[in-house]
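In what follows, a single structure is set out as structure tokens and then discussed.
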Amino acid sequence: MTNIRKTHPLIKIVNSSFIDLPTPSNISAWWNFGSLLGLCLIIQIVTGLFLAMHYTSDTMTAFSSVTHICRDVNYGWLIRYMHANGASMFFICLFLHVGRGLYYGSYTYFETWNIGVILLFAVMATAFMGYVLPWGQMSFWGATVITNLLSAIPYIGTTLVEWIWGGFSVDKATLTRFFAFHFILPFIIAALAMVHLLFLHETGSNNPSGLISDSDKIPFHPYFSIKDILGFLILIMLFMTLVLFTPDLLGDLDNYTPANPLNTPPHIKPEWYFLFAYAILRSIPNKLGGVLALVFSILILMLFPILHMAKQRSMMFRPLSQCIFWILVADLFTLTWIGGQPVEYPFIIMGQMASILYFTIILIIFPSISLLENKLLKW
């Protein structure tokens, strides 16, 4: 008799995705982040659901409803801090996952890569709208500043901003719709993640060498299911350490002050995971130029498959490209740091230099170095 997991219409989908999936035998721990992102998404949906049961999306009661969750709801403080820090863990895993894709040339799977970039945009939109919900000072002013950027769009800008706000400023209508979108988007992300996996399983996983590994595949279960569970345990340990010991380490203390439209905080800045893009936005004196640079700083990821000039897929055997890759990583750390600094000398010029370097590395240096390496290898 054939095993039910191979014949049942539903179970065989799970079987071909997580049990009998042929997987390259040499994939390293860098391939763990896909499953870790799945875990982060599940944590966020579950904790978010319980928070939504007690949260009210009204400007008068939003802040106090979050206080009520932390003070009066059973383990409400834990759920709230797990949700807030879960976003940080999500982005740490996302950045490492994207970095892995860049380093090992996974972007040559066009569909998988492009859906991944769309997923990144969706997660960023969800995180931004979630940050507005507690209705603290940084929530209100962050929402005001970021939505206001759309007014830079010629002709329709102002109308578009007022349409998103549902009025002439960030107010009750804005908060209500942001809550609605923040609730629905994670389910859209989950659906997109399934499409992401579908396209990945069409081609099979990449591996550190970047070579075709059809001759050396092993079943996903038990080898990589065990490896993923180890990743889960490490992530949960680090995550719960952060939540239980320093829950406000990555947050902004200004958000413990209720939103006040009459009092602007001295330094308006987003959460740490948006700071690199925020630094690029601030580096350009022109409003429209800044917005375009901000969008393009993420959208540029879609150009990687086109800009790939190397004869080899992975950077594993390309030391010059490796060097440039780590310079890019250092540049992103610099941009993140500058995004959190006040707009004054020397941070302005440093931010501009780091922004120029970011785009130059991706658009010019990477393809040039790849062509040089081809020449050195006489290819």
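Keep in mind that glycine also has a Cβ here, set from the backbone N, Cα and C atoms.
Under the heading transmembrane segment, Swiss-Prot lists 33-53, 77-98, 113-133, 178-198, 226-246, 288-308, 320-340, 347-367, citing similarity to another entry as support. If you look up Swiss-Prot, you'll see H83, H182 marked as heme b b562 binding site, on the strength of similarity to another entry. Taken from Swiss-Prot, the feature heme b b566 binding site applies to H97, H196, supported by similarity to another entry. Per Swiss-Prot, ubiquinone binding site is recorded for H201.
In this view, H97 (heme b b566 binding site) is surrounded by 20 other Cβ atoms within 10 Å of its Cβ, with every protein chain counted. Scored by C-beta pairs under 8 angstroms, the transmembrane segment (178-198) has its highest count with 113-133, from the stretches 77-98, 113-133, 226-246, 288-308, 347-367.
When the alpha carbons of H182 (heme b b562 binding site) and H201 (ubiquinone binding site) are compared, the span between them is 29 angstrom.
The DSSP secondary structure for the residue listed as 'ubiquinone binding site' is helix.
Spacing of H97 (heme b b566 binding site) relative to H201 (ubiquinone binding site) is 17 Å (Cα to Cα, whole number). No contact links the transmembrane segment (77-98) to the transmembrane segment (320-340), because fewer than 3 Cβ pairs that are 6 or more residues apart lie under 8 A. In this chain, the transmembrane segment (33-53) lies close to the transmembrane segment (226-246): three or more C-beta pairs between them fall below 8 angstroms, excluding pairs fewer than 6 positions apart.
If you take the C-beta of the residue listed as 'ubiquinone binding site' and look for same-chain residues 6 or more apart in sequence within under 8 angstroms, you find S16, S17, L21. The transmembrane segment (288-308) shares more Cβ pairs under 8 Å with 113-133 than with any other stretch in the list 113-133, 226-246, 320-340. Around H83 (heme b b562 binding site), the same-chain residues at least 6 positions away in sequence with a Cβ under 8 Å from its Cβ are Q44, T47, G48, L51.
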